[in-house]
Amino acid sequence: MGKGVGRDKYEPAAVSEHGDKKSKKAKKERDMDELKKEVSMDDHKLSLDELHRKYGTDLSRGLTPARAAEILARDGPNALTPPPTTPEWVKFCRQLFGGFSMLLWIGAILCFLAYGIRSATEEEPPNDDLYLGVVLSAVVIITGCFSYYQEAKSSKIMESFKNMVPQQALVIRNGEKMSINAEDVVVGDLVEVKGGDRIPADLRIISANGCKVDNSSLTGESEPQTRSPDFTNENPLETRNIAFFSTNCVEGTARGIVVYTGDRTVMGRIATLASGLEGGQTPIAEEIEHFIHLITGVAVFLGVSFFILSLILEYTWLEAVIFLIGIIVANVPEGLLATVTVCLTLTAKRMARKNCLVKNLEAVETLGSTSTICSDKTGTLTQNRMTVAHMWFDNQIHEADTTENQSGVSFDKTSATWFALSRIAGLCNRAVFQANQENLPILKRAVAGDASESALLKCIEVCCGSVMEMREKYTKIVEIPFNSTNKYQLSIHKNPNASEPKHLLVMKGAPERILDRCSSILLHGKEQPLDEELKDAFQNAYLELGGLGERVLGFCHLLLPDEQFPEGFQFDTDEVNFPVDNLCFVGLISMIDPPRAAVPDAVGKCRSAGIKVIMVTGDHPITAKAIAKGVGIISEGNETVEDIAARLNIPVNQVNPRDAKACVVHGSDLKDMTSEELDDILRYHTEIVFARTSPQQKLIIVEGCQRQGAIVAVTGDGVNDSPALKKADIGVAMGIVGSDVSKQAADMILLDDNFASIVTGVEEGRLIFDNLKKSIAYTLTSNIPEITPFLIFIIANIPLPLGTVTILCIDLGTDMVPAISLAYEQAESDIMKRQPRNPKTDKLVNERLISMAYGQIGMIQALGGFFTYFVILAENGFLPFHLLGIRETWDDRWINDVEDSYGQQWTYEQRKIVEFTCHTAFFVSIVVVQWADLVICKTRRNSVFQQGMKNKILIFGLFEETALAAFLSYCPGMGAALRMYPLKPTWWFCAFPYSLLIFVYDEVRKLIIRRRPGGWVEKETYY
């Protein structure tokens, strides 16, 4: 992809006058597909001559300033284009008008409409509808502000990319070195980088001196990678002669030619990929939408039916419209929006205490419905520190302790060979502990040096005491540092042991190279000739440790004879004047980044919870497979195709892939797969490891899982993970080692970088889903005793049993705390033993929940309310049958002589006081029956006696709603303010039998469900 091609690919599409949206969308999809493809470039394959011709750059003098200015004008600055951001006011409006809020807004508008109609037609219209409209609007605005505030901290993806862009770059133009702003670097520029610099653009290295770069933010490989002019791999991400934009140079120096700048760099493409991805709706948002459809359906159905009915009953058009509006509004659960928001916030707070920081409230529940987790290996499943795992000396393998707290196995440290091996590992080692860490445990100390050497340093320090003291005793005279051509490191030390010669040569390096330099081997402290049998033993040990996915190093030494090398001898490392062959082989030490202690248990929990854990790593397949087996992602006894082939001794291509439950897929194979082949792998293998994968592939794997209908969680820490984090249903970033970019793209951040915290998150997510169901069931039930009075008022023409203001007191007063208290309810059974919920069938609110809340419990509650209503009116002289058809005269303010059943006459004022007392009593009855409803909503299957009453907030809720009801009824002045009147104590007890009935009815129902699982009762009533 030359300069021209690279540029054209990102030209904005010409859009016709009509603003052709379709072509824009198609272009976006095309661009995304482009980005998903692997990085394609051929600059790493070109010779220096071809590079010179392609870019017109003088390889020693660089570009001329004039040419550089031309290219800058053509390509634009070397910077990442920020994505279009959503303005804050749009985000705020989404909170105000999204989903549930819309339902309440419609309710509010209908209230104002009803008030308007009444004002136009009546002389002194009641203000109920006006109050209701104002309250509904206030509820939406307050909850909207609350949600907006919760989420305002999110989505600044590009901000963090900006911080990663280097500020200055050292370029050579016209043979002169100049430091320029990194944004002015152009394709073809000759750039110099040194240790500590950020790479300013994608470079093709033309000369290097000991240059190493840290690519971890891009590829996920934790080891620094060597950079040299040599073309070593077809894949541009793997070859040594390309350095990538915004990675760090950790040591050495290098010169290179800029091949891509800005958005066209590999990092730029990832940035574009991450910001261009659509996150999609969260499962809970879909659930709430589904719920709104249900509720609206019920409300409109009831409203229209009674509208028609009231016309049949010869009401006027205007009255019928007001009834219609009243019924629809009465159906809206005003308090539910606040309840859901508060429940999610509480869970988010609870998760933060357990090291999961949730950025987006709805993500709390998404984690609970997760059915596949794609996890990174390094640092998430593992401890992210190389640790000595095994040693081979005295012709046997010894296991070292890799646990985080040194509680594991130990080996025999008495052998003389171990003394020699630990001496080499400590001396032939440039790693040192950083200062002032004496009080810290050895394994927690920071080390200056590369990963393998730090592992050796810590191991020897733990097993043999201070390495510094050892190094002081054995003074270093000269050393040859490790380099990639001879693949060993060597040093010569003064030997303080009187029984041995005065100089000790120690060497470590690649095992096969070390063995080639040895003629003898140390066994039990005695030197013996190295024969074929021992060479075979070495080979077997080397293969076994390598097969465990460990990095193996060989160690040897030589005591230099005093005759040839007396004290004060001048050793020369350039013209080597000492032996580097015929040494004595001592042993092997292998290292691995070991699994975290809590991970195997967490993976086991995921498995019993029906969640598939897939490992996706940039690491080597053998290492990946070893760790996967170590943590249980590949469980014991499950074989891969390669294992089966090895067992049956046949070629791999003769094994039927479906016989293997587990599989390890190499990134290079994944590259050539069609999406159907990937789907087959994901469908037919239960245990999967993807190794050597690139960022684009991680995205393809996530999409593959989503095609299977899975809800996918992805963990990641590098920049390379951000596209996958954004695409997944829930992206989980690492809080400690994660790059800013990955944290921005994620929905949740693990503060302790531990995979086990995800499992805690899943548990919390499942619990909140269950508890939201209970909250909603509780809240919806009181809708029926709120609507039925209105319906009976229309049909039977009786005085209104329950007013609008009292309905508001229930929905936004007495019901709020109890509904929220259900969020604190403990899990009924082990929620981690069941399969993830199926988003298509297992809904938050289903028909069964509506039938239970409205059709069964709600009806009993309504009966309780009407019973109280009729009792009070009868005590005042109006018997039930006398009330039928009395509405017209009852509500007429000019009639002051309405007779009751006993012939007494009632004025308008007196009648209204009795009516409002009934409203208050009906309200209190609803509170009383809601006690029972709250208690039965604690569980969906268990008996309340099994669950117990441990939820303190719920008990507080019961007292709170009762106290509030009493306050509203007995507080002086309530008659004028809310038209609530004091009740006789006996009237409180009218609804008690109904409350008891609800409790008994539901306990019996749950008993039948437990006794006959899958039976008719469960099918019809278990929500």
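Cβ from N, Cα, C; glycine included.
According to Swiss-Prot, the feature active site, 4-aspartylphosphate intermediate maps to ASP376, an assignment based on similarity to another entry. Residue environment of ASP376 (active site, 4-aspartylphosphate intermediate) contains 27 other Cβ atoms, counted within 10 Å of its Cβ in all protein chains.
Annotation comment: Swiss-Prot describes LYS487 as ATP binding site. Sequence-distant neighbours of LYS487 (ATP binding site) (same chain, six or more apart, CB under 8 Å from its CB) are GLY509, ALA510, ARG513, listed in sequence order.
As annotated by Swiss-Prot, Mg(2+) binding site applies to ASP717, ASP721, with the evidence given as similarity to another entry. Reduced to three states, the DSSP call for ASP717 (Mg(2+) binding site) is coil.
Feature annotation from Swiss-Prot assigns phosphotyrosine to TYR10 (among others); the stated evidence is experimental evidence.
Among the features that Swiss-Prot reports, phosphotyrosine is placed at TYR260 (among others), with the record citing similarity to another entry. DSSP assigns TYR260 (phosphotyrosine) to a strand segment in the three-state reduction.
The annotation phosphotyrosine is assigned in Swiss-Prot to TYR542 (among others) on the grounds of similarity to another entry. For TYR542 (phosphotyrosine), the same-chain residues lying six or more positions away in sequence with a CB closer than 8 A to its CB are TRP392, PRO511, GLU512, VAL552, LEU588.
For 1-38 (among others), the entry in Swiss-Prot reads region 'Disordered'.
Sequence-distant contacts of the region 'Disordered' (216-235) (same chain, at least 6 residues past either end, Cβ-Cβ under 8 Å): 38, 44-45, 48, 164, 205-208, 241, 243-244, 246-247, 249-252, 254, 266-267, 270, 376, 378-379, 384, 450-451, 484, 593, 617-619, 668, 694-695, 717-721, 739. What Swiss-Prot records for 216-235 (among others) is region 'Disordered'.
The region 'Mediates interaction with SCN7A' annotation in Swiss-Prot covers 596-717. Model confidence over the region 'Mediates interaction with SCN7A' (596-717) is summarised by a mean pLDDT of 90.
Here Swiss-Prot flags 6-87 (among others) as topological domain 'Cytoplasmic'.
Here Swiss-Prot flags 109-131 (among others) as topological domain 'Extracellular', drawing on sequence analysis.
The annotation topological domain 'Cytoplasmic' is assigned in Swiss-Prot to 153-288 (among others).
Residues or ranges marked as topological domain 'Extracellular' in Swiss-Prot: 309-320 (among others).
Swiss-Prot lists 339-772 (among others) with the feature topological domain 'Cytoplasmic'.
For 793-802 (among others), the entry in Swiss-Prot reads topological domain 'Extracellular'.
With helix defined as DSSP H, G or I and strand as E or B, the topological domain 'Cytoplasmic' (824-843) counts 4 helix, 0 strand, 16 coil. The annotation topological domain 'Cytoplasmic' is assigned in Swiss-Prot to 824-843 (among others) on the grounds of sequence analysis.
Taking each Cβ in turn and tallying the other Cβ atoms within 10 Å, the top scorer among the binding-site residues ASP717, ASP721 is ASP721. The topological domain 'Cytoplasmic' (153-288): residue composition by secondary structure is 35 helix, 49 strand, 52 coil, according to DSSP.
Sequence-distant contacts of the transmembrane segment (132-152) (same chain, six or more residues past either end, CB-CB distance under 8 Å): 88, 91-92, 95-96, 101, 104-105, 107-109, 111-112, 115, 329, 332, 334-335, 337-338, 341, 345, 348, 359-361, 804-805, 808, 812. Rounded to a whole number, the distance between the Cα atoms of ASP376 (active site, 4-aspartylphosphate intermediate) and ASP717 (Mg(2+) binding site) is 8 Å.
Taken through DSSP, the topological domain 'Cytoplasmic' (939-951) splits into 4 helix, 0 strand, 9 coil. A contact between the transmembrane segment (289-308) and the transmembrane segment (844-866) is present, since 3 or more of their C-beta pairs, 6 or more residues apart, lie under 8 Å. Annotation note: TYR542 (phosphotyrosine) sits in a helical segment as assigned by DSSP. It is 29 Å from the Cα atom of ASP376 (active site, 4-aspartylphosphate intermediate) to that of TYR260 (phosphotyrosine). Counting every protein chain shown, the Cβ of TYR260 (phosphotyrosine) has 27 other Cβ atoms within 10 Å. Helix, strand and coil residue tallies for the topological domain 'Extracellular' (971-985), in that order: 5 helix, 0 strand, 10 coil [DSSP].
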